[in-house]
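**Student:** Before I ask anything, here is the structure I am working with.
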Amino acid sequence: MSEDIGQKNTKLVRKLALVAIAMFGFGYALVPLYDVLCDLTGLNGKVEGQAVQEVAYQVDNSREVTVEFLTSLNESTPMLFRSEVKSMKVHPGEYYTVNFYAKNTTNMPMIAQAIPSITPGLAAEFFKKTQCFCFTEQTFAANEEKTMPVRFVVEPTLPERYKTVTLAYTFFDNTNISKK
Amino acid sequence: MTAVVAEHDDHHDHHDHGPEKGVLRWIFTTNHKDIGTLYLVFGLIMFFVGGAMALVIRSELFEPGLQFVDPNFFNSMTTMHALVMVFGAVMPAFVGLANWMIPMMIGAPDMALPRMNNMSFWMLVAGVLLLASTLFMEGGAPSGGWTFYPPLVFQNGKSFPFAIFSVHLLGISSIMGAINVIATIFNMRAPGMTLMKMPLFVWTWLITAFLLIAIMPVFAGAVTMLLTDKFFDTSFFDAAGGGDPVLYQHIFWFFGHPEVYVMILPTFGVASTIIPVFARKPLFGYASMVYATGAIAFLSFIVWAHHMFTVGMPVAGELYFMYATMLIAIPTGVKVFNWTATMWKGSMTFETPMLFSIAFVVLFTMGGFTGLMMSVAPVDFQYHDTYFIVAHFHYTLVPASIFILMAAGYFWLPKWTGNMYNEKIGRLHFWLSAVSVNILFFPQHFLGLAGMPRRIPDYAIQFADWNMVSSIGAFIYGFSQLLFVYIVIDTIRGGTGEKVSDEVWEDASKHSLEWTVPSPAPYHTFSTPPARIPTEHF
């Protein structure tokens, strides 16, 4: 009888341990799942990390959308970072360029990455950039100041209910990570 | 003797003669009762450690301004209080009860995997010691909240990796414990003990064990990602590398929400065991209790984002998580009505375990109602991260899980020790606890609604009065728990001197098997399966 139970236990424990290991894997699987889900639904305001080809749209002069620009620095990234204007009124379908200024305030070279985010999240897919400093890492010499243009268009298909779209950039100091 | 131990381990060949002498008995023991005792004592000690941390918090909040501790230490206290209470006190205490009671309730000689049982206990101790060691490290113990949200968690000093490894150990320990519980229940039941004849405590633990196996690995994965983000340049949660800190919150709460049911389901089980005995009636709606437990466990996996209503979600998401969360009220309501119906027209007596259980039904329901309030997404924006949520989850944990653990202590102490506890001091302990716990937590509802944020060492003077009341309640509650320690020690030493019968409580042996063995329960029980399975709980 005890032999029986011993075998049954071993089998069951093996199965349950497998479940535990599988759930550990499931935790990791949530990472790509989350990205896929956000890609499909555009829930989290993530924007495409690549430039799009400039295509001509039918400009919708009948309505204006306010585009706001926010700049911020992650933790204690030693930079100055601002946009040329705080906000602008745009017509959907028309291309605009806005300048951003960033300065490395240290006397060491720095590699930094800007991460964009768009609010409301569901408007992100209608906001296209043909040029942006956020597509690649930016290298700054000691104390270097850069002017970085962003060229964007709000697609005319943007639903009427979105009157304001906020584009936020956060600069992250990646010097230590990128050097490796 | 069918115990697997005896076959493989010469060391235990003399097990029929009772336990070994000396301290080695406790270190090497594979006996489910010894390990249960270890877990319970450890849980009680950690309850006081975590309680001391809570009193540091309540002392600092007694008056506005910074009095006793610096803000970083204050934040460490809120973080460590949570971790110690969840992983050091409540969970181990219920594992202790499971170890003691499950084999006796299903007529098994021991747990299915006695040596793994020993290992999971000592791993728990190692994990908690590792966690406690962070208190003495440069930069202090973790202070970013027990949820370990990035990027805040990365600001912890040297303690960060230690806290993560401690979580790994605690997780492995819980998983092993859970596997053991499942193996015991599936393979070791006495003949005739079908699943639907098991006492409800066994049922709730079975479901809890499945929850643990499903969620603890996910949590282990999440904290491992934190670890590699910090030290190995991965970017799971680092936006600079394409990650997303919100992702962590999703993974964490996928673990975290079922985790709160890990603490409450065994509570339900013990309540369902105690109330019928003192109402002298079978449990009302046994089968519906089982299904309700299953339903709660299932729902717990699909509601996690109600912890994140303010983090940012599209309306569809908020609505889904809102309605799904409200659904939980249905099986929980079934339980509350069943307990009430069990008491209805019963020949009730009010011994200490019953008093704690009745207080549990009332006060847990209040905690449940505030939970329902917060499930409403639009109003949650007001409650989020205020003292209202603090009041809510303390109502579901202190006068629920803790009260029921106390009830379980009083209920089974006579069986464990063979002596009767002092009923007078027991009732004094109950009344002091029941009154002070409300003085402690009820005002926190008002503070939260008025806008006092949680996890702050200082506050605006408008919150002064209720904070003072709450702190006074905290001290009464905290110190009255020492009565319990006194009673436990006193009972072990002989208690009232009255020798208790095998069934201790009137007709208890009709409800469950543990009351059919002698008191105190011999070192080995059910070496041969029981002749008759009690069916009173139908």
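First residue shown is number 1, and so on along the chain.
Heads up, the Cβ atoms here are built off N, Cα and C, so glycines get one too.
Got these off TrEMBL a minute ago, pasting:
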type	residues	note
DOMAIN	B:20-537	domain 'Cytochrome oxidase subunit I profile'
TRANSMEM	B:35-57	transmembrane segment
TRANSMEM	B:77-100	transmembrane segment
TRANSMEM	B:121-140	transmembrane segment
TRANSMEM	B:160-188	transmembrane segment
TRANSMEM	B:200-227	transmembrane segment
TRANSMEM	B:260-279	transmembrane segment
TRANSMEM	B:286-307	transmembrane segment
TRANSMEM	B:319-341	transmembrane segment
TRANSMEM	B:353-373	transmembrane segment
TRANSMEM	B:393-413	transmembrane segment
TRANSMEM	B:425-446	transmembrane segment
TRANSMEM	B:466-489	transmembrane segment
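For the listed features, I'd like the structural context: burial, neighbours, distances.
**Tutor:** Note on the transmembrane segment (B:35-57): residues 26, 29, 68-69, 74, 77-78, 80-81, 84-85, 88-90, 92-93, 95-101, 111, 114, 117-118, 121, 124-125, 128, 132, 402, 405, 409, 416, 474-475, 478, 481, 484-485, 488 of its chain, located 6 or more positions outside it, place their CB under 8 angstroms from a CB of the stretch.
Listed by sequence, the residues of this chain that lie at least six past the ends of the transmembrane segment (B:77-100) yet keep a Cβ under 8 A from its Cβ atoms are 32-33, 35-44, 46-47, 49-50, 53-54, 56-57, 69, 111, 117, 120, 124, 127-128, 131-132, 134-135, 141-146, 163, 167, 170, 174, 177, 181, 201, 205, 208, 259, 262-263, 266-267, 270, 397, 401-402, 405, 408, 412, 416, 454-455.
Long-range Cβ contacts of the transmembrane segment (B:121-140) within its own chain (Cβ-Cβ under 8 Å, at least 6 residues beyond either end) map to 27, 35, 38-39, 42, 46, 49, 72-73, 76, 80, 83-84, 87-88, 92, 156-159, 162-163, 165-170, 172-174, 176.
Sequence-distant contacts of the transmembrane segment (B:286-307) (same chain, six or more residues past either end, CB-CB distance under 8 Å): 196, 200, 203-204, 207-208, 210-211, 214, 249-250, 253-254, 256-258, 260-261, 265, 268-269, 272, 313, 317, 321-322, 324-325, 327-328, 330-332, 334-335, 338, 374-375, 377, 380, 537-538.
Same-chain residues lying 6 or more positions outside the transmembrane segment (B:319-341) and placing a CB less than 8 Å from one of its CB atoms are 268, 271-272, 275, 283-285, 288-289, 291-293, 295-296, 299-300, 302-306, 309, 313, 361, 364-365, 368, 371-372, 375-377.
The list of residues near the transmembrane segment (B:393-413) in space but at least 6 beyond its ends in sequence, with Cβ under 8 angstroms from a Cβ of it, reads 40, 43, 47, 85, 90, 93-94, 97, 100-101, 260, 263-264, 267, 270-271, 273-274, 277, 351-357, 359-360, 363-364, 366-368, 370-371, 419, 421, 426, 429-430, 433-434, 437-438, 440-441, 444, 477, 484, 487-488, 491, 505, 514.
Counting only same-chain residues 6+ beyond the ends of the transmembrane segment (B:425-446), those with a CB under 8 A from a CB of the stretch are 351-352, 355-356, 359, 363, 370, 387-388, 390-391, 394-395, 398-399, 403, 406, 410, 466-467, 469-470, 472-474, 476-477, 480-481, 483-484, 486-487, 490.
Tertiary neighbourhood of the transmembrane segment (B:466-489): same-chain residues 44, 47-48, 51-52, 54-55, 58-59, 61-64, 398, 406, 409-410, 413, 421-422, 425-426, 428-429, 432-433, 435-441, 443-444, 446-447, 452, 459, selected by CB-CB distance under 8 Å and a gap of 6+ residues from either end.
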**Student:** Given a Cβ distance threshold of under 8 angstroms, which distant residues of the chain, six or more beyond its ends, lie next to the transmembrane segment (B:260-279)?
**Tutor:** 86, 90-91, 94, 97-98, 199-205, 207-208, 211-212, 215, 289, 293, 296-297, 300, 335, 338-339, 342-343, 346-351, 353-354, 357-358, 360-361, 364, 393, 396-397, 400-401, 404-405, 407-408, 411, 505, 507-508, 511-512, 536-537
**Student:** Could you tell me what the rest of the chain brings near the transmembrane segment (B:160-188), counting residues at least six beyond its ends with Cβ under 8 Å?
**Tutor:** 83, 87, 91, 95, 98, 102-103, 106, 108-113, 116-117, 119-121, 123-124, 126-128, 130-131, 133-134, 137, 141-142, 148, 153-154, 198, 202, 205-206, 208-210, 212-213, 216-217, 219-220, 223-224, 226-227, 230-231
**Student:** In terms of Cβ proximity under 8 Å, which residues at least six beyond the ends of the transmembrane segment (B:200-227) contact it?
**Tutor:** 94, 97-98, 101-102, 105-106, 148, 150, 153-154, 161, 164, 167-168, 171-172, 174-175, 177-179, 181-182, 185, 234, 236-237, 248, 251-252, 254-256, 258-259, 261-262, 265-266, 268-270, 272-273, 283, 286, 289-290, 293-294, 297, 300-301, 537
